[in-house]
Every structure is written in structure tokens, then in C-alpha cells.
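> Supplied in C-alpha cells, the structure appears directly below.
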Amino acid sequence: MSTFLRAVRDNIPEKDKSELTENDLKKWGLGAIHLRPYQLDGVKWLSLCMKNQQGCILGDEMGLGKTCQTISLLAYARGSLKMNGPFLVLCPLAVLENWRQELERFCPSLSVICYTGDKEKRAELQQNLKSDPRFHVLLTTYEMCLKDARYLKSWKWKILVVDEAHRLKNQESLLHQTLKEFTVGFRVLLTGTPIQNNLQEVYSLLTFIQPSVFLPEAVEDFVNAYADIQTEPALVDELHQVLQPFLLRRVKAEVAAELPKKTELVVFHGLSALQKRYYKAILMRDLDAFRTDQSTKTRLLNVLMQLRKCVDHPYLFDGVEPEPFEMGEHLVEASGKLSLLDSMLAYLQEGGHHVLLFSQMTRMLDILQDYLEYRGYSYERLDGSVRGEERNLAIKNFSTKDVFIFLLSTKAGGVGMNLTAADTVIFVDGDFNPQNDLQAAARAHRIGQTRPVKVIRLLGRDTIEEIIYSRAVSKLRLTDTVIEEGRFSLLDQAQSAASGLQLSEILKFGVDKLLSSEESSVQDVDLQLILGQSRDGQWLTDEEHAKLNESNEEEDEDMEGQNHMYYFEGKDYSKDPSAEDEKTFELLLEKQFAEMEDAEKEGRALRNKAGVSLSGPLINPARKKRPLTEAELEERRQKRQAAAAKRAKLQEERKKQQEELNYKKKMAWWDSCGYRSLCLPRVDSEGEDMEPDEDDHVSFSSTDSDHTAIRYVLGDVTHPQADREDAIIVHCVDDSGHWGRGGLFTALGLRSDEPRKQYELAGDMKDLELGNVLLFPVDDKQSRLCGRDYLALIVAQQRDKANKLSGIRLTALDEGLKKIYKAAKQKKASVHLPRIGHSTKGFNWYGTERLIRKHLATRGIFTSIYYYRRGSSHATVSSTASTTTPSSSKPAASSPSESPHSSSPPANREGLTKSAELSTTSHEGPGAPGLADFMRGVHVYFYNMAATEKKKLTRYLITYDGDEEDLMSSHVTHIVGEVESPVHKQELQDLLHQYPQALLVKKNWLESCFASQRKVSVSKYVIRLT
């Protein structure tokens, strides 16, 4: 008997039978839910754990109701044990709102405080709690817990609940160490994957919930005690006895058989000719990695990642997408995967299905989002870049509105996210860890789902995806065995089995068939035959399908029983690549080396080093092919042109019909709401008001008359300098309908209540299309003695679903200025603009100024551009009708002391929104300073870093003039990583051996640099691997 089993028996009494009933829980405040039998058993088990233990792990499979069981435990603690709190619940940001709603719905007698928000809001919450500490549950996120750990440590928590507790699998992590310092009576860990990788992670969870038995320093003893579990079967039962008091796990197949059936299948696709060219080129890029025995694993992993990107979409490589970058069929035709997905989504939409679409790569999500926009599919998106409030809104919209597709990264949002509105899950590409894919699929197939669910995986035939997938199959089967039978050491063997084959051999898989032809292998498929039939938006089950097609009964019976994510056609692809693959690859190597030797003799170096992008031209070996005659070439060209013209015409007709239908619906909606649009009418380019564009050839020199010159003013554009005429103030906004803060947004709000009111109303009524101009008076608070002031809001920017703001679109600005010209002419008004886009990096002020001059000044509209001096109590009224522009004239762009037309540097920019920075920076003078560049020369390669954390750090790094490298190379100066296992340690040692110039540091170094606004010494942050 091991010391661990002895300690468990000495310290943890046997659990008695619980007499707890659901009526008891209802009496103590639980309501609006009927617990299933297994859920009530779970609450009983949790209540018994509270009597004699410091903590426990509720490890039910995803979707079985761990949240409601935990809420029931809190109701029990308050009602039966007379605990009035405080209880602390930690969860991911994406499911925090779900926790709040379910706490209020299932147990309204528990008062809940959501501890979130910015620093000021949290300080206010702390003050309120200090004056009135009467609450039961404090609900917050891991990030807030780490930020305000000192404050949260001051409380004595009766119960601590950690949702998605696999975040604690590393006992050296900051979250694990921080929570250990809290004063806690009982700890509850919730995780659908209590065992993911190895015994160290299991012990990390155990030492967190029961530190008196599982001492932190005894982790090696625990691993050694059960390392030989396969050769000593007696250890299996012993390990079960150690875990049994602390871990409860049920799976859907055992306790939720009433859930609608989940069917899972793999659909293969070919590759386009472009993808095949890049696939071959990637394999040939780093030849030494395949030839030498000393090649590092990192170089091969780089090749592996590039191959995965190639199979997804070739546009993931810079320089591949043809210019100009316009949406078109080329986006679909360039990728075999997207070609198949295109057909599949059309079939699914026609059948009334709703889809979760997963990808590992955020750049692939960008391409998919472009595609969905192009096809006109309704969608929501959620990945690491989406803010918390936007996430909740996206989830709510998908669940309550008729949204066709939810676009997600596999790990985004947390595994507790409920998306049962979907009945179809599509994995564009798979995760190396099969547990992550299972968690993702469980967002749709969980309690609350009323329709059968279909899980579809898209795999590139004869590509790296096949063998990666088959290895995930192998790992998942071993993991299932471990969980069910207790043989935890098999997890380590699963890792070694997956890496037993040389990575260089894995990369050769399928090359014989894949590269036997350079033609596209994309084919049309019968989707009804592959995906199955559906009726009224629901997939038919095997039984229903058999009634429709008795001939398929035998086939359906064969598939039954193999209904899990990683059934792979009964084939074992984990074996070595075929002899044909090896032979084809060797022939490719020989040919490539021969070409390189010839090139070296001629003094040309053709071989690219590892890490170089694939944007350059690729070698495309000539094929022996009968040359076409001139007549045949002409015939082919004409056919292609005719087909392209036909597709374009049909697409244009469909687009026009859809626009007309949408317009009629919008007009009917506006009528029902009593809404009247303030948008200026569209200007007919051939109408009488549009004069010839002779201005395009006019030289803007000092010979311009005062009447046609732009006037440059030092003053406040919200109080235009006009005589007796009407004045139109111009401001650029985005299409989101959310009024900004700071800069011109705040100034306009002080001038009038109308700007925010009319803009947000137009946003609510979907009246903010790009190029629209809202025109309305702003004299409600302040007015001139003579003449009226109007505000023209040009919708010139776009904000996408990920809250990313575009630059000012000159085409939209051009259209808006045309409309303003017509309105100004009718009202005999002058036009007053801020210095649009000033100090915005890459902004085309020259083009903007030409548009203003073209549409306004040279056509007789009195036009003024304002510069605002910050820091002064009031704007200095100073103006001049200059015949030279600040952008092209040296005197006008001089320092404040040299010219009255320049403005002082801005004192504070923190209050400006991004939209304000782009469109209202007229409040910042030409002398505005740029961002700090203290990270210049720093090139960072991130290793084993969470995607959200990496994205955040990269954003700051680039802001301060540093660079992030996707591939390890001699340019890298710092490796920022996290070491969580011996495998990571070995890989990093190999990296540092190959690239000795790089320093291995903790992410805290970057955070310290950003916080102190200087490049700090790395001495305190270096990671020692010896």
C-alpha cells in the first residue's frame, strides 16, 4: 500500500448514505428546474464531500449540468448548513453571463455580485461591498481574480467554485499559486476533462483540493508510485481507491440516453492546383531538415504548420491572393476545402439547419468571414479578439435570432458555452488535442438540445490532415481507456505512441497520390448521400432514414456502434508512410537537389532558408502536354469568358433582387416604427448638379482664386466661423451606431444633444450604410443670431463583428461629399470640416484634401478646415483664406511658435475611441507625437502560449515598434514561452542550441516593459532550463 492510499484512508472517512431530496433543495430556495436522478446523486455526493474533505472534483462530461448541480450545492450550504456565504465562483469570461442568469433563475434567494469591469468600476464595487458586505455569491473571472488578488484574499470564503478547472493543471501556474493563498472552507473544481495528459496534472488538481493529503512537494513520489501501472495490475485498483473519494465523473452514454442522437462523420476533399503547388514547395523548402539526422524537431514542426495552412487555404500565405484584393469566386476556387464547404453550406441552409463552424486559426476565420459576407449568409463570430459584452451578444443573437452560422475558434469562449440552437457542427480543421474538439462539439450536443446533431469533419485527402487525425484517434482511444479503467499512466504512453514515428516520416504521408498529378483534385459530391436526409430542419436518425430507404438498412447497422468522433473508416493510418510515399518523396528530393547544384554552378542561390514566407514564385516543373492550337486556345478563352460573364450576370441579378427585397422590408419596418430617415438622397452622377471633373487636371497652385480656395482655421469646428449664412459641420463616423467618446464626439455632445440621439437612432434602424450622410440642425442648446448650424455625419468607416474598425474609406467619403455639396448648394451654406484622419498612420490626407477641393471648394462652396489647439481654455479665433495647403506648404506645417495655423500636441488621448482617432483628430495638431518605440529591434517568437494571451502581447509589442515572428529564425531576439512539461524543456533546449542569439524569457518581461514604458533588463525574467 502506497503512502498516498494510506493517507487517504487515515484522513478521509467513508461516505455515508445521504438522505437529501429534491424537495429539501426546493425548500432551501432551488427552483425553476427539475433535477435529473444523476444530478441529484451528484448533489448528494458533493454534500457528503463537504462534511469531511477540503474539496472535490465534479468531472461529469460536458453538457451534463455541472452548473445546476453546483448551484444546488450552494442552496444546500445556505439552507441546511446555515452558511450565508460568501461563496466565490470563478469562470471564463464567455460563460460568466450564463452563470449569472442560472444563479438568478435556479436560486433567486442567493444574492449575486458580478465582479467585473474596469479599474474604476471595480474600485466602486469594493467600496460598496465594504459598506454593505451582505451578499452570498461573488461571481468573477480568472483574470479579475489575478488582478485583484490582494483584495479577494481579504475575504474568508466558505466555498470556492472553479469552473473549467483544467486551468489549474499546472501547480506552478500563477492562478494555482494565487488561489492557494485564499482562505477557503471548501473547494469545488468543475471540469469535463479531469484527465488530459499525465499524472502530474492529476496530482496538481488533487493537491489543490486536498493539500493536507497531497503535499505539493510530493508530486514526483506520486508519479513514481504509479508509473509502472501497466506492468503491475494491482496498482490499478489502488489508484482508483486514491481517486474515488475526490472525483465523480459520469458520461452522457450512461446517464443521459434521452439526448437526441449525435452522428459523426469525416468528409474528404481534394486540393486545388494552387494548393498542390504550394504543398510541394513547402516540402522542398527546408531540405536539410529531411536529410540530416541532427535536424531539430522545431524545423519540422514549422513545415507541419505550413502544410496545415496550405490544406486550409493558400491565401493564408502572404502574397498569394491576386491583386486587387476584391471578393470573388477566386476565394472559393483557390481552396478544395472551401469549395466543399461552399456546397455544404448551401445544402444546409436549404434544409433549415444551423451551423457551428470551427477552425484553429484566426486568419482562417477571417477568410471564412469574408466568404460568408460574400455569399450573404447571416453569421456571428467569437474568438479571442471579441470583447466580453460582444461575446454575450453574439451568443444571444445566435440562440434567439435566425442566424445561420456561428463562426468560432475551437478554444474560444470556454467549454461551458451553450449553443444548442445549432444542430450541425463542422470542423474546418482539427486540434492536435482531441479533447478540445470533443469539448467544442459538446457546445451543441448537451442537455437542452432537442434535435439530432451531426458533427462533420473536413479532411484533405492524402494530406498531413489524414495522419494527424488518425493519431488523434489513437490518443483519444487510449485516453478513454484511462478514464474508464483507471490506467492513468497510459496517457504518457499515448503521447509516446503519437510521437513514436519520426516527424519527418509523418510529413511524407500521402505525397505519392497527392502529387501524382498537378491538376486540381476538387470534385463535386452528392451531399445528400454523404450527409444524409433531413426533414423540417432536423436530421433524420438511422431509424427514420431506414424507413425511407430500406436498402440502406445493412449499411446503417454497420455504422451503428461506431458513433464517436474518431471512428476512421476502420483503417489504421498511424503506420509508416507507404513505400510509394517514400519513393516519391526521395525522387522529389533528388530532383530538387540536382536543380540546386546546377543553380549553384551558375552562381544562383535558389534555396530558401527555413522561415521565409511563401510569397515568391514557386517552381512549377514543366509537364509533357500536347500544345493547343491557336483555334483551340481561342475557343477555350471564349468559353471561359462566356462562363465567367454568365456567372457574373447571374450573381448581379441575384444581388439586385436581394437588395430590392431588403429595401422593401426595411421601408415596411420603418413605416411600422414611424421612423423618417435623415439621410441625404443619392446623387445621380449624370444629373444636372454633377459637372465634369475638370478639377482632376487643375493645378492647385497660388493662382487659385480666394473664392475656390480652402480656408484653414485655428478654432473649434463645432462653433463654425460663419457670417449670416447657414453652416454645415462635417464629421466622419462608422456604421456601428455606437457614439464615441472624447475628441469631436464629446465636443459635439456639448454643443447639442441631437448628434448622439440621431446617430444611435439611425443605428437602431439600420440606416448607417457606408456612404450615407445624416443631416440635421444642432441649434437646440446653442445658436447664432443669424443662420442655422447643421451637422452632416458621413458614414465612412466600418466596424466588423469582431469590433475591428476600418480606416476611412475614400469611396464612401467621396460619395458623402457629393451629397453634402448638393445640400450646401440648396441651402446656400458654407461647409466646415475637421482635419480628417490627421496623424493616423497611413491615412491618405492628400487624396482626402483633393476630394474636399474637388466636390466643395472649386464648385463655389465656401469651405473651411479647422485645427484645434488643445490645452487652451477656449479656441483662438484665427482664420485665413490660404492658397496653399498645410499638407504641401512648409510654413503651414511649422511648429506652433512659427505659425498660427498649427496646434499644440494633444495633452491626453486616453479618452478617444479608435473611431475618434481616425475621424476626429482635427483636435490634435500637426505636431502630435507618435507612439513610443522602445521595443524597436525586439523580435519575439512565442512558444506554448495561449492564443488570447499571445494576441494581446503581440498587439502591444507591435504598437511599441517590436515584431512578432511566426517562425523561429536567426532574426528572433527573444523566445517568450511557458515550460509545462519535459517535452517543452527539450524542444526549447533544441531551439536555443540552434539559435544561440535568442534569449528565453517569461511573458512577465514583456508585461514589465509595457507597464514601465521602456525595455527593462531580462535578468530577472530569464527561464533557466538546466
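Every residue, even glycine, has its Cβ placed from backbone N, Cα and C.
Features from Swiss-Prot:
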type	residues	note
DOMAIN	47-212	domain 'Helicase ATP-binding'
BINDING	ASP60, GLU61, MET62, GLY63, LEU64, GLY65, LYS66, THR67	ATP binding site
REGION	594-628	region 'Regulatory linker segment (RLS)'
REGION	606-655	region 'Disordered'
REGION	877-929	region 'Disordered'
> In sequence order, which residues at least six apart in the same chain have a CB under 8 Å from the CB of GLU61 (ATP binding site)?
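Result: GLY192, ARG249, ARG250, VAL251, LYS252, ALA442.
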> Long-range same-chain neighbours of ASP60 (ATP binding site), Cβ under 8 Å, sequence gap at least 6?
GLY42, LYS66, GLN69, GLY192, LEU248, ARG249, ARG250, VAL251
> Give the three-state DSSP assignment (helix, strand or coil) for LYS66 (ATP binding site).
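For LYS66 (ATP binding site) - judged by DSSP and reduced to three states - the answer is helix.
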> Determine the minimum-neighbour residue: among MET62, LEU64, listed as binding-site residues, which Cβ has the fewest other Cβ atoms within 10 angstroms?
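Across MET62, LEU64, these binding-site residues, the one with fewest Cβ atoms within 10 Å is MET62.
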> Take the Cβ of GLY65 (ATP binding site) and count every other Cβ within 10 Å, whichever protein chain it belongs to.
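I get 22 for this one.
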